[in-house]
Amino acid sequence: MTASFDVIVIGGGHAGCEAAAASARTGARTALVTHRFATIGAMSCNPAIGGLGKGHLVREVDALDGLMARIADAGGIQFRMLNRRKGPAVRGPRAQEDRKLYAAAMQAAIRETANLEVIDGEADDLIVSGGRIAGVRLTDGRRIKSAAVVVTTGTFLRGLIHLGEKSWPAGRVDEAPALGLSASFERIGFALGRLKTGTPPRLDGTTIDWAAVEMQPGDDPPEPFSVLTARITTPQIQCGITRTTPATHDLIRTNVHRSPIYSGQITSSGPRYCPSIEDKVVRFGDRDGHQVFLEPEGLDDATVYPNGISTSLPEEVQLAILATIPGLENVKMTRPGYAIEYDHVDPRELEPTLQTRRMRGLFLAGQINGTTGYEEAAAQGLVAGLNAALAAGGGDPVVFDRADGYLGVMIDDLVTRGITEPYRMFTSRAEYRLTLRADNADQRLTDRGIALGCVGAGRAAYHRAKMAALQAAKQGAMSLSVTPNEAARHGLSLNRDGHRRSAFELLSYPEIGWREVAAIWPELSAIDPAIAEHLEIDAKYDVYLKRQAADVEAFRRDEGLVLTEIDYSAVPGLSNEARNRLEKAQPLTVGQAGRLDGITPAALGILAAYLRREARQRTAASA
């Protein structure tokens, strides 16, 4: 018997869960195909969510009513705002997670999602009909029909684990790889590449000398990821910090030839910003130590994740390395670290909707696109699932651009520039950082999510109430004003120019905060502290945001110049190099062309002039 759905999502990891939930929220009948329901929401590597750049993505997923932020709040056992001493634009919320609580909360959310059915099984082949996707076939022979398919296979595509001189096929420890899907992609015509990632050994926390390491508490009170989380109720823990030693490095150098990375056993690229401890020692030979963060994996689990010493050295070498690190001299290793290689698709095969250019109805999200990290996967999954549902229902696709959010920055980087190593999000990748802050993700995206039909009624009502409160607070702050002399009586030093300044303008001064303006106007104390914080940040950035708005307008002007179906050989003045690069990349807009390597401002000017001339000629011909 053949089942039928609007959308099928393959894989129950972070990308798959968001894709399936986003599709279902729009009303599309959605199937989530995964090996076992019990592995949904599993944290394959580090037990943490968020971080610099990554925390922005989590907040953006939340703004579109995605799952990750709320699940991370439910399972979070230590919350920290990274870069707190810096400006709000580059702060990154992060949470240490209890693996069991996180997975349980995700499974409950998936189970409770309307229009979503979980199917235990392994997708083995993509069904194609009439040049577009038509469904999937499972390894047990079952066929499932659909108008759209989202593939979110993580490290499972022809996954191969490496541990010292040993290697074996696996998607992750104790789970089989997905072999049939890789062959299916190749039959369709996709050229698959190989990437590598790794994980550290796991430790028995009861055998760690915690007195010998620095302890790191979380923020008090903890700040949630989701705007819908009133407060964190899960018990909070501390993490530990220790360092490798010269003895550690000597041991690694002595055995580096046994690492698959250096023996030639692994030839694929790994994540630049999350290198193995072997890589750190070889690449940074002048360092006498590297930080190791000891991260508990749960409230009732003694397992500790030593963040910073990912390795694929033989098991006995890993144990010897641990014994050279302060606090870990007598530690017991519950599972060795390892490296894993897996297939990926060149993300330049994708449209900004995350639909493949080669096959209509086929969408990809997560590590299959060359990214690394739970948060990057979740954001892609949401966009892919949303667009798959829109495609299945005959709706117009949605594209998030670089001025919309970090999810737009990431997707544009992937589909325009491609990757040579696993892609990780950082705040430095975004041109419009002042606009794209973690604290204003809902202000930027939730209204759009409501219009797209992926935001539930409860969040929509909360959002409208919050925006109304913020607008009222801003109007109130702008209606109150003081002269410099009046401000001086309250201890505030302003330029004695006689000009009255509103409470909102006063908040733009670096040395003036909400407490100072509330001391002048006590009625402001009635404003909700969360709204007051938003208002102060908006005031601090107001001048800069107005300047950035002009940059965004220019960016969107270039994005509006569409390059589809253009014959570059007919564009006079383009160099052969520019013409070749444009023909190969097939950018969708002049803005996207400008982000390609080797495309000069002069070439962009020629393209823009050509498009405008063509538009004038079409207008004249139709007159």
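For all residues, glycine too, the Cβ spot is worked out from N, Cα and C.
Note that this is a predicted model, so its numbers are computed, not measured.
What Swiss-Prot records for GLY11, GLY12, GLY13, HIS14, ALA15, GLY16 is FAD binding site. Cβ neighbour count for GLY16 (FAD binding site): 30 (other Cβ atoms within 10 Å of its Cβ, all protein chains included).
As annotated by Swiss-Prot, NAD(+) binding site applies to 270-284. When secondary structure is read from DSSP and collapsed to three states, PHE284 (NAD(+) binding site) falls in the coil class. For PHE284 (NAD(+) binding site), the same-chain residues 6+ apart in sequence whose C-beta sits under 8 angstroms from its C-beta are HIS290.
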Rounded Cα separation (Å) that holds between GLY270 (NAD(+) binding site) and ALA15 (FAD binding site): 20
By Cα-Cα distance, the member of binding-site residues GLY12, HIS14, GLY16 nearest CYS274 (NAD(+) binding site): HIS14
Spatial neighbours of ALA15 (FAD binding site), counting only the binding-site residues ARG272, SER276, GLU278, LYS280, VAL282 and Cα distances within 10 Å: none
Residue pair SER276 (NAD(+) binding site), HIS14 (FAD binding site) - Cα distance, angstrom, rounded: 23
Residues satisfying Cβ distance under 8 Å from GLY13 (FAD binding site), sequence separation of at least 6: GLY41, ALA42, SER44, THR152, GLY154, GLY366, ALA377
ARG272 (NAD(+) binding site) and GLY12 (FAD binding site), distance between Cα atoms, whole Å: 26
